[in-house]
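Asks: Relevant sequence annotations retrieved from TrEMBL are reproduced here:
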type     : residues               : note
ACT_SITE : GLU116                 : active site
BINDING  : HIS140, HIS142, HIS211 : Zn(2+) binding site
DOMAIN   : 10-238                 : domain 'Class II aldolase/adducin N-terminal'
Amino acid sequence: MRVLDAEFVQGFIRMADDGFLQGWHERNGGNLTYRIKKEEIESVKESLVTKSEWQPIGTKVAKLAKEYFLVTGSGKYFRNVNLKPEENIAIIELDDEGENYRILWGLCEGGRPTSELPSHLMNHEVKMEASGGKHRVIYHAHTTNVIALTFVLPLEDRVFTRELWEMATECPVVFPDGIGVVPWMVPGGREIAVATSELMKKYDAAIWAHHGLFCSGEDFDLTFGLMHTIEKSAEILVKALSMNPNKLQTITPDNFRDLARDFKVTLPEEFLYAK
Ligand code: 2HA
Ligand code: ZN
C-alpha cells in the first residue's frame, strides 16, 4: 500500500497537527518519532526505496538495530506536516549495529531526520526495554506553561512532580511514576540525549529546562494525552501562582494516598513529602 494510506502514518500526521494546533510548535520547534511495527513496515514495503547512504546517528543504539522509524524532519515545521507530509516526515531504517540510519521514504525535497534524533533513539531504546517492547512513541514539544515554570520552580524532579500532581486530580493517575527535570543543556547532541534517557529509565516524561518537554508512550493517543495532561496542569499552576503565590487549599499527601488506594496506582512516597 501507499505509505500515506497506512493507519500509523495517518495517526502520526494527526498527532503532529494536533500539537501544532495546541501552540506547542512555533516555527520548526518540536519533533516526533514512532517505532514502526513489523507488520506495519511490511504493509508499505512496496513503497520504500533506499534514498540515502548510511548516515551516522551520532550515538549508538544497539538494541534498536534494524528497527524502522517514522520521524519528523530537521528544520521542518509541524504546521506543514498535514499539508505536505512527504516533504516533512520520513521513514528511516537503522543498520545492524544501531549506529547509522538511511532514508527509505519521505523528505522528498531533501533534508534529514530531526536534529534531536540521538535523544529520540536513546529514549526509544530505554523505554522499549523498560516497557517490555510496548512503548513506540517519543514526542518533544515546546509546551508554553511547562517552560514558564522552569524559571520559577526549583529544577528538581520531586518539586515538579508534586506541584503538577496537585494541580489536577487526574495527574497522579496519568503519570504515577512522576516527572524528571533536565537542567538547561545544548539541544541536539549526545550529552542531552544521555541525560534525558537516564531519567526516562524511571519516568515517562522529562522536562528540558527553559526549552520544553519529552514524553514517551505506547501509542499516539497515550503519548499525546500525557503531553496534554502535563501541559494543562502546568497551565493551571501558572494561573494559580499568578493569582496568589500561596495556595489556600490543595490536594494533600493523605489525599494522594487515598487516591492511590482507590485507583490502584503506586505513588512513590518521595513525592509525598511534608512541605
Ligand atoms: O527545533 O525542538 O529541540 C527542533 C527542536 C530542538
Ligand atoms: Zn526543542
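In case you wondered, yes, glycine gets a Cβ from its N, Cα and C as well.
Have a look at these and tell me how they're positioned relative to everything else.
Replies: Following the DSSP three-state reduction, the secondary structure of GLU116 (active site) is coil.
Mapped onto three states, the DSSP output places HIS142 (Zn(2+) binding site) in coil. Non-local contacts of HIS142 (Zn(2+) binding site) by the CB criterion (under 8 A, 6+ apart in sequence, same chain) comprise TRP24, HIS25, GLU26, GLY29, GLY30, HIS211, GLY212.
Note on the domain 'Class II aldolase/adducin N-terminal' (10-238): its mean pLDDT in the predicted model is 97.
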Asks: Suppose the Zn(2+) site is HIS140, HIS142, HIS211. Which further residues of the same chain have a Cβ inside 8 angstroms of that site's Cβ centroid?
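Replies: Going along the sequence, the neighbours come out as GLY29, GLY30, ALA141, THR143, ILE147, PRO187, TRP208, GLY212, LEU213, PHE214.
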Asks: Could you measure between GLU116 (active site) and HIS140 (Zn(2+) binding site) for me? Cα positions, answer in whole angstrom.
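Replies: Computed Cα spacing between GLU116 (active site) and HIS140 (Zn(2+) binding site) is 9 Å.
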Asks: According to DSSP, does HIS211 (Zn(2+) binding site) sit in a helix, a strand, or coil?
Replies: coil
